[in-house]
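Taken straight from TrEMBL:
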COMPBIAS  364-373  compositional bias 'Basic and acidic residues'
DOMAIN    5-317  domain 'Acyltransferase 3'
REGION    338-373  region 'Disordered'
TRANSMEM  43-60  transmembrane segment
TRANSMEM  76-96  transmembrane segment
TRANSMEM  116-135  transmembrane segment
TRANSMEM  147-170  transmembrane segment
TRANSMEM  176-192  transmembrane segment
TRANSMEM  204-224  transmembrane segment
TRANSMEM  236-257  transmembrane segment
TRANSMEM  269-287  transmembrane segment
TRANSMEM  299-319  transmembrane segment
Amino acid sequence: MNPTRSLAILAVVAIHAIADTVGLRFTDHGSGSWWIANSIDSASRWSVPVFLMIAGALALDPTKGGRPRDFLSKRFWRIGVPLVVWTAVYVPYRLFAMSGRETGWDPLTAILTGSPFVQLYFLYVLALLTLLTPFMRQLTVHGSRRAQWGTALVLLAIGIIDHFSAVLAGVGEPNIATRFLPLMGYYLLGWIMRDYLVRGAGLVWAWVGFVGSIVFTALWAGFGPGEQPWMIVYEYMAPTVVVMSLTGYLILHRFFSNDARRYMGLRRLFPYSFGVFLLHPLLVYSLRDVIGVPDTVGAVLLHGLLLPLVYAFICAVVTKAALRTPVVRIAFGEIPAGAAAVPPPETDSVPEVPSPEATDAGDPDDRDRPAPA
């Protein structure tokens, strides 16, 4: 699963790099540059749901039980501390470095919505899911497969209904306490589907669903009704994104099933992927004054396809240095020595940052895992 997470973080960086182009900040709806940006964005929408599915696949594993206190203590350092630190970093960055971008932005309101900056909402979502994980494990330990599927599908349906209620009727608004709720279905489905290794006709149909949902998303964003038709199909609980995410999860699990392969450096990127997640907006927004904005076809291709690789490399280098620096490494999710009762090393949650020295010892996600069905 580590290469999948690395690929997903590259997709997240691409989304953020061209989001303003899709949002008509730099171009017009239907222009050539907009269509390129829309295509890149549509093809990347699976990334965040798949992150959550992998988080659930690992955190809900009943073989990694232990005491809830130990689990939550470890997650406090892995998720809670970075959430506080990077909220404190990005609030002043948005207030001062990006002061010309928007007016009337209120930091307290942004924090209470659970989204003080473009990528930080994921930490707020994951923090609440983490608090519920010891209780959700009761379902994976004692619940039948039918009960697990039923619960996950009900949660998924609730998320889809919430999406349509918000987009079509303007009813409800996510906040710091509820933002995670529509996404819970992904978290549980990650565990349920983690040992399915699709082959043959199943793999073909997964590809049909994956590609078809991307095409539908892009076309609706371009030709759908309303002034911003992409809003209804881009959200992570939109039906097309649900199909894209579930089929993408199966395809990537199948494609990255060989633990001996490095997959073009994706496995090597994984130990620093959390740092890429945390740092990349600083590059995306700060460097636009130097390299320009994605407002032409060529610029969109540069920002959407090439620069995410460059940003990821720079962030990985910075993260590698940070992980070797006392105190600073805590901001990147490292647990201080003796700060928590930690079981033997494992990658059992997203975001998880294993030590760089352990990256060549195979894929730790697959240790002690039952043979895929």
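Indices start at 1 and increase along the chain as displayed.
Each Cβ is built from the backbone N, Cα and C atoms, and glycine gets one as well.
Curation does not apply to TrEMBL; its annotations are automatic.
Here the structure is a predicted model, which means the values were calculated and not measured.
Counting Cβ pairs under 8 Å that are 6 or more residues apart, the transmembrane segment (43-60) and the transmembrane segment (147-170) reach fewer than 3 and are not in contact. By the Cβ criterion (distance under 8 Å, sequence gap of 6 or more), the transmembrane segment (116-135) is counted as touching the transmembrane segment (176-192), at least 3 such pairs being found. Counted as Cβ pairs under 8 Å, contacts with the transmembrane segment (236-257) are highest for 204-224 among 76-96, 204-224, 269-287. Mean pLDDT across the domain 'Acyltransferase 3' (5-317) comes to 92 in this model. Long-range contacts of the transmembrane segment (204-224) within the same chain: residues 22, 29-30, 35, 38-39, 41-43, 45-46, 198, 230, 232-234, 238, 240-241, 243-244, 246-248, 250-251, 254, each at least 6 residues beyond the stretch ends and with a Cβ under 8 Å from a Cβ of the stretch.
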